[in-house]
Amino acid sequence: MRLKAALPKLELYLYAAVLYLSLLWAGTWIWDASADNVNRKVFKKSVKPGWHYFGRKMDVADFEWVMWFTTFRNHILFALAGHVIFAKVCSLISPRHRSLIYGLYGGLAVLVSMGGGFLALVLSHCFILYSVALVKRKWIVFVAGLASLATFKMEPFNTWQQGFVTGYFDLQDILFYGGSCFTIMRSMSFALENCEKKDGNYTFTDLLKYNFYLPFFYFGPIQTFDQFHVQANNPNLTRKQREMWNITTGALLHLGAIFVVDVFFHYLYILTIPNDMKLVKQLSDWSLAGLAYSNLVYDWVKAAVMFGVINTVARLDHLDPPQPPKCITMLYVFAETHFDRGINDWLCKYVYDYIGGSHKHIFKELVATICTFVVTTLWLGPCELVYIWSFFNCFGLNLELWVDKIFSLPPFSNIEYAIGEAMSRRIRAVFGALNFWTIILYNVLALNSLEFAKLVGKRLIVQGFPLSTLSVLFVTYCGVQLVKERERKQAFLDDPEPAAVPQDMPEEVGKMKAE
């Protein structure tokens, strides 16, 4: 069903004004809290000298962002620049064998960066899952693959395997976990696709070329084997019209995003403030709401930039990698909530869609979502916080599916048709606003802490009721309406011709079906 009809322009302008003014107000509160408390004891650990000529210190609480753009910057630029140059030369000389050349370069880079022991460890896991793939039984692949993944998430197997990496340097642990865990997921994708192959088997060389593609090896994203195999072995290397322009524009946008984040880290300490619970308790309800929202927006920006850098290189290699995640601001349904589209595509293809089938049966849908979050829990690393995050997100997704199923049946569907399209959209936006803050609360606990998430929930739902609760929901409602309008326009651009309406369908019902 298409999104509901457009609202009056004046109403949309009002929504935009309320949203932007509210965000500006909340940002001002956070700015004041950042400036007034920069010398607090808790801040000294994660607020370091930054722009000396402006006299501003910088929030460095996110070790991953700092690692990428300080310690790891030179390493990744050198490795990826070498890959781009090497790949371009070899693609011109032998385009039919470029996937093999990518794999050889990636394997050599892994050997140089992590040593022969780690390379042998990765190859052993690849060989085990390749052997399992020859059996062509999906349940055996899942058992073997998840067992292999668990060895990197549970003791004493994890420590024993870490011993294969000789020497020590700052990035060793990051590269070890990234390369190992992504190897398992890629090998499982290879094995599962081999189970679907009717004529013969893919070769062990195909697995190695897929796994050791350097841009994806350490940090992802995961591109399923069927897509990578077709794209990497396509000898036709012609570019689409304006493709290089789009790649260049995307790279410049990522550089711009890095600069914007750097500016924000100097003026808004959104990552450090939640670590000081004494200060957080003194903030207003609006500041807390803005702080929780800002943390999720930043996490999306971080994922978009990091995957964007890698994806730019992949596009230069004539691949079509997984797209960056959808911005948290655009999310008001659990079904689209993910911060790694590669992992999400992997889970949907091999777990969620495989078990859920047509997604029309509630029980099968429940089993599918539970299995999906079980695998996700193992991927993230089993611990109390991940258990809580998985449970609430799984519950939220199923509740959303159940409510949608119920309201699609009479008499609710008849009532929706009777009240008109615009009013139906307004009512749906109210539910979308509630959903939006549920998503915020369920995910902020994984980004910050359980204590911070509990405090935000308590202040906005219990202590702030009714003024803070309703005002925050109204602002969110305005944002959801703007997002729905954007999606409605995009839907008409993608498919300007609505579906035909059966002649025996009532006129007002037919209009709703067409929308």
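Think of each number as a place in line: the chain as shown, counted from 1.
Glycine is no exception: its Cβ is also placed from the backbone N, Cα and C atoms.
TrEMBL does not curate its annotations; it predicts them automatically.
According to TrEMBL, the protein carries these features:
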TRANSMEM  12-31  transmembrane segment
TRANSMEM  75-93  transmembrane segment
TRANSMEM  100-133  transmembrane segment
TRANSMEM  251-270  transmembrane segment
TRANSMEM  362-380  transmembrane segment
TRANSMEM  429-448  transmembrane segment
TRANSMEM  460-480  transmembrane segment
REGION    493-515  region 'Disordered'
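Same-chain residues lying 6 or more positions outside the transmembrane segment (362-380) and placing a CB less than 8 Å from one of its CB atoms are 146, 149-150, 153, 181, 185, 343, 347, 351-356, 386-387, 389-391, 393-394, 397-398, 401-402, 405.
Segment contact is absent for the transmembrane segment (12-31) and the transmembrane segment (429-448), given fewer than three CB pairs below 8 angstroms at sequence separation of 6 or more. Here the transmembrane segment (429-448) lies next to the transmembrane segment (460-480) in space: the count of CB pairs under 8 Å, restricted to residues six or more apart, reaches at least 3.
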